[in-house]
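Contents: one structure, followed by commentary.
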Amino acid sequence: MHFQAFWLCLGLLFISINAEFMDDDVETEDFEENSEEIDVNESELSSEIKYKTPQPIGEVYFAETFDSGRLAGWVLSKAKKDDMDEEISIYDGRWEIEELKENQVPGDRGLVLKSRAKHHAISAVLAKPFIFADKPLIVQYEVNFQDGIDCGGAYIKLLADTDDLILENFYDKTSYIIMFGPDKCGEDYKLHFIFRHKHPKTGVFEEKHAKPPDVDLKKFFTDRKTHLYTLVMNPDDTFEVLVDQTVVNKGSLLEDVVPPIKPPKEIEDPNDKKPEEWDERAKIPDPSAVKPEDWDESEPAQIEDSSVVKPAGWLDDEPKFIPDPNAEKPDDWNEDTDGEWEAPQILNPACRIGCGEWKPPMIDNPKYKGVWRPPLVDNPNYQGIWSPRKIPNPDYFEDDHPFLLTSFSALGLELWSMTSDIYFDNFIICSEKEVADHWAADGWRWKIMIANANKPGVLKQLMAAAEGHPWLWLIYLVTAGVPIALITSFCWPRKVKKKHKDTEYKKTDICIPQTKGVLEQEEKEEKAALEKPMDLEEEKKQNDGEMLEKEEESEPEEKSEEEIEIIEGQEESNQSNKSGSEDEMKEADESTGSGDGPIKSVRKRRVRKD
């Protein structure tokens, strides 16, 4: 039972440690199981990585790797935000094309947001507008928060295909169709998927937000690794959001967005008004209740405690604070600019017991009853809470295919961040999942390969986890101590002292009645044994000789004369004991043979040869 308890305790400790490195809320499979596994060892990394700029294997609407080192086709915004001061309304954030700070892939570059606390806006035109019809929409790109993230976003906007779209004027109010990507402020971690649906009757665009993912997104913002974000919208009005090729959110455009696509069939009548006689009071004062005659409303809630007396030595005329007599006016004090100098106030040393006007403390008034109010009773005229009547919604419509959104023709990043060095790379917009997967294998795969190879060992991971959770050190010590205790208990068990009795008593044999024939047979056997004493003596000597030979083999040293004398004395005493026991048996036989009663005998115990 003790060992079972040890193993149970050890298992619980390991589970506690693993909980720090696992996301309990994630119900989807890990990336290693869903995506193409990449095995990397140090010998492979020692050779030169042959990175090639990804090339799409199928039709794409947009593809950008930034490996050329130039922002060809990208337009920096020159617009200003509305309703803000001119100094902070301009989009003056800086963009650069750089390699990753850590785990660089030779030859691979990305777009990096370089400024803190500034507005950034940059955009590019698609090769051709994407029209929502019978093909899926797949949007994919990479993000790396190289310095973590305090407050800011890394989402993209797909800009509506309109005649007035000018990329130099791209700002926060530019019409977009889809907004997708990570965003964080404080401890609120988000992965946006927002699309703007056009009302078929009014023509007004309304934002529809997909339900939030059911997984913990924190690690994607804090681990400083490059993560792959993918959005898939299908013509059957379903969607999927993937991170590192693992599904983290999916659902229906008809059911899993807020507010829903279809408006309610009925709405409250805006012209309906509550009648003046409508009574919403569930309880009313009892009209039959009368105030008791002895109810005194003039008594205060608290009165002075008359049992308390002013302490002796209380100084009524002394102030609590006095000017510091040791304070001096500074030499650089200018009364024209600083005003009249006054010494700082300090506690009055004379007020050790108390100073100022003394007042007794206040206590609750036992006679206080307060203002009398009649008790409440059920309102017999209660009509319930009034609500306007329902009327048919004049703007109601049915849209069974919300996938058919307005087309878009440009991709833009309009961001504000308190953290710099946000890395973007490998944008692609297409309609085939195989094209996007191949694009990721040629680009993002290399970053993950190198990051996994450079990942710290288990010891460093444990130490890093303990930096944020100091209590883990206790678990580490206990976890390490339990196996040591088990090994110690197995290898060096505690010796239990055995208690030996000085003497052991033998049980006497039970007296069994025997016949005369049996007794005569036993007498013959005893006489035969007495007639051949030499045989027994020779057998005994032979046994003693064998024992002496064994002792000589185990103990090569010769025995001393004293030891030989002791051994011979023991042999003589054993022989005398044996002869004495034989005489006693004869006497017992003779005594049992006489008498008129039934013949009984005590079973005799023969002496063992050793």
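These residue numbers are counts, starting from 1, taken along the chain as shown.
Keep in mind that glycine also has a Cβ here, set from the backbone N, Cα and C atoms.
Cross-referencing SER47, SER288, SER576 with Swiss-Prot, the residue annotated as phosphoserine turns out to be SER576. Looking up SER46, SER298, SER560 in Swiss-Prot, the residue bearing an annotation of phosphoserine is SER560. Feature annotation (Swiss-Prot): of 79-112, 317-350, the stretch labelled region 'Interaction with PPIB' is 317-350. Note on the region 'Interaction with PPIB' (317-350): mean pLDDT across this stretch is 89.
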